[in-house]
């Protein structure tokens with residue numbers, strides 16, 4: 001229950017943050033006088049700035065920026081996909097209990113992001129609903145959303161779209177960027193490499209078996225149970241993918257925002273109005289994804 005309460009609180013904080021930001025944009029838009037708002041009536045209802053014309057957003061970026069953005073996004077996608085599947089963490093179990101209960105091979109347990117998620121439901125034939133929910137939450141935030149984010153950014157740059165749809169897709173990418181947690185998993189692996197042994201030692205000697213384990217250590221001069229986590233060479237790729245997942249989407253979103261602003265010579269009022277339109281378009285995109 002505490003875990004699910006934490007997840008619910010995290011999701012609520014993200015959702016309420018998006019809601020507050022949207023209300024702020026709409027309040028600023030309403031504060032503008034009618035004369036200051038971009039008028040489309042004089043154009044016979046045609047959207048301002050050629051919003052119906054389809055073109056690739058990468059064409060509005062400097063050639064070098066567009067090329068590097070596409071290449072880096074593709075490489076980041078591949079790095080995340082490969083980094084999630086290769087072994088990046090090994091758990092070493094030792095001590096008297098390990099000698100009695102585990103074979104030599106079972107004392108070294110390799111894990112990847114996918115392996116950790118699969119481990120949650122590997123034991124029972126019919127895993128409880130709670131474990132399945134934890135597994136789904138883990139995969140969604142740590143893997144699915146980051147890959148969707150990079151895919152949508154590539155679509156934003158390379159697929160010919162109307163200007164309004166480009167703004168909507170950009171807003172959706174910003175939302176996904178706030179929800180992606182692949183970099184959090186990378187930090188967790190790095191912390192486990194240095195601190196998991198201390199946590200395991202504390203639990204062994206201060207939990208229900210603490211008295212027995214303390215007696216074994218004090219009288220037999222051997223550890224009762226020791227568990228340590230060590231990063232493997234594959235962690236280097238995982239770390240690079242984590243850095244890319246953390247910094248690259250924000251940089252690309254900023255480039256796309258600048259290109260959209262320069263594309264039609266938008267004023268501040270235009271940007272606020274199109275932000276509001278982009279929200280409605282983004283809601284339509286999200287609804288389309290889950291139909």
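Using the three backbone atoms N, Cα and C, a Cβ is placed for every residue, glycine included.
The signal peptide feature in TrEMBL is assigned to 1-17.
Sequence-distant neighbours of the transmembrane segment (66-87) (same chain, 6+ residues past either end, Cβ-Cβ under 8 Å): 58-59, 110-115, 142-143, 146-147, 150-151, 153-154, 157-158, 182, 232, 234, 237-238, 240-242, 244-245, 248, 252, 255. What TrEMBL records for 66-87 (among others) is transmembrane segment.
Long-range Cβ contacts of the transmembrane segment (136-159) within its own chain (Cβ-Cβ under 8 Å, at least 6 residues beyond either end) map to 7, 56-58, 61, 66, 69-70, 73-74, 76-77, 80-81, 84, 113-114, 116-117, 120, 166, 169-170, 172-173, 176-177, 179-182, 184-185, 245, 249, 252-253, 256. TrEMBL lists 136-159 (among others) with the feature transmembrane segment.
Marked as transmembrane segment by TrEMBL: 180-204 (among others).
Residues annotated as region 'Disordered' in TrEMBL: 268-291.
Positions annotated as compositional bias 'Acidic residues' by TrEMBL: 268-283.
Same-chain residues lying 6+ beyond the ends of the signal peptide (1-17) with a Cβ under 8 Å from its Cβ atoms: 130, 133-134, 137, 178-179.
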